[in-house]
Amino acid sequence: MVSLPAPPQCHLNLHKIRQRQLEYFPCGPIEDASATKFIRNMAMKGVIASAVRTVASSGSSASSTTFTRHLHASAGSKKIVGVFYKANEYAELNPNFLGCEERALGIKDWLESQGHKYIVTDDKEGPDCELDKHIPDLHVLISTPFHPAYVTAERIKKAKNLQLLLTAGIGSDHIDLKAAAAAGLTVAEVTGSNVVSVAEDELMRILILVRNFVPGYTQIVNGEWKVAGIAHRAYDLEGKTVGTVGAGRIGKLLLQRLKPFNCHLLYHDRVKIDPELEQQIGAKFEEDLDAMLPKCDVIVINTPLTEKTRGLFDKERIAKCKKGVLIVNNARGAIMDTQAVVDASSSGHIAGYSGDVWNPQPAPKDHPWRYMPNHAMTPHISGTTIDAQLRYAAGVKDMLDRYFKGEDFPAQNYIVKDGKIASQYQ
């Protein structure tokens, strides 16, 4: 895991934080308590320190040594390309809807006022896509996990001026990290920006599956009323065994939120949770993943997509799960073997599958997960709530500001730095 720097010693001035919110969110200040809390917490950790520069200086321990392609921006105009999903008629419904193409993180005026060029598109695939037109001369590429621009080794080779790849959110597996490291690029994301959003969504999906909610909703939409058709496979969450595969920031938050439901909580990860927190949560560490799986009524996937986790849940591993298991996956679709999930759902071995991640994204209309039984799938939405958008928009602006000024990013934001890939992606 990437180590966190020690929190700076400072006193928070919330009035000044609010002033900085006005600067960082052109559509208006954050009015949501959770977003304000994030600003406060991240100020203490140095994640968006320039957004609260009067409060604390960065706690990053990263060095500012020379890169193969120098991270620190040279003088002059920079070309920045942002790839975001198109909102169309929804763009005007909420002034804080910053994560779409139309609002483009709310940083266009700020960038252009400093003489930089900001190109925004949702067209990212195919030989004649808009993104590829700008690859040869862009300096910075911003993308999101929700509408990812797949940065392949081929694209990196063509991007002669590229220095910085930013993920607006969490999860940079849409980038060929080995190729980025070999080319001397810097890859960074807004660590912590949407962990609450995803953990809450996971809890919701667990309850949706356990209570057999989707068939009930479908009955009402179709004008039906058949209680037995729902109740025969609806259960309480209390007393069930829930295991998370991965207990990083999101996994720990999920376990904390499950504690009041009086579940039996298990987790598998490379390292154990802090003993004090583990005791508070009441979660048990399982060193052997295959030994944990048959114990679980509910399995939640919370591990990054890496070479080791790609296809982790194949036919053989799914067979080790308890018959009738419920699976929630908001991590990455490619962690699962697509057809193995379909087959297990069709046979009843998986009694319910829910998540918002697909392979590829956006999912094609004929993707088999759309049509398998007992699923509660959605588009990739868990980490792009309005609150999360405000947080990752601020984080991206902060890192761009640091890039222009020649300053390091908070250490925990780096995924690739100085040719080295962060441990969680290895």
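Quick reminder: no glycine exception, Cβ is built from N, Cα and C everywhere.
All TrEMBL annotations are machine predictions without curation.
Here is what TrEMBL says about this protein:
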- Ile170, Asn194: substrate binding site (BINDING)
- Arg249, Ile250, Asp269, Pro304, Leu305, Thr306, Glu307, Lys308, Asn330, Asp356, His380, Ile381, Ser382, Gly383: NAD(+) binding site (BINDING)
- 112-408: domain 'D-isomer specific 2-hydroxyacid dehydrogenase catalytic' (DOMAIN)
- 204-382: domain 'D-isomer specific 2-hydroxyacid dehydrogenase NAD-binding' (DOMAIN)
- Arg332: site 'Important for catalytic activity' (SITE)
- His380: site 'Important for catalytic activity' (SITE)
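Positions of the features from TrEMBL, shown on the structure.
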residue: Ile170; record: substrate binding site; Cβ within 10 Å: 25
residue: Asn194; record: substrate binding site; Cβ within 10 Å: 29
residue: Arg249; record: NAD(+) binding site; Cβ within 10 Å: 19
residue: Asp269; record: NAD(+) binding site; Cβ within 10 Å: 20
residue: Leu305; record: NAD(+) binding site; Cβ within 10 Å: 22
residue: Glu307; record: NAD(+) binding site; Cβ within 10 Å: 10
residue: Asn330; record: NAD(+) binding site; Cβ within 10 Å: 24
residue: Arg332; record: site 'Important for catalytic activity'; Cβ within 10 Å: 24
residue: His380; record: NAD(+) binding site; Cβ within 10 Å: 24
residue: Ser382; record: NAD(+) binding site; Cβ within 10 Å: 24
Task: Report the mean pLDDT of the predicted model across the domain 'D-isomer specific 2-hydroxyacid dehydrogenase catalytic' (112-408), rounded to a whole number.
output: 97
Task: Would you list, in sequence order, the recorded positions among Ile170, Asn194, Arg332 whose CA lies within 10 Å of the CA of Leu305 (NAD(+) binding site)?
output: Arg332
Diameter of the NAD(+) binding set by C-alpha atoms, the set being Arg249, Ile250, Asp269, Pro304, Leu305, Thr306, Glu307, Lys308, Asn330, Asp356, His380, Ile381, Ser382, Gly383, in angstrom: 25
Message: If I take the Cα of Arg332 (site 'Important for catalytic activity') as reference, which of the binding-site residues Asn194, Arg249, Glu307, His380 has the closest Cα?
response: His380
- line: binding-site residues Arg249, Asp269, Asn330, His380 vs Asn194 (substrate binding site), shortest C-alpha separation belongs to Arg249
Task: Please report how many Å separate the Cα atom of His380 (NAD(+) binding site) from that of Ile170 (substrate binding site), as a whole number.
output: 13
Field: Residue pair Asn330 (NAD(+) binding site), Ile170 (substrate binding site) - Cα distance, angstrom, rounded
entry: 12
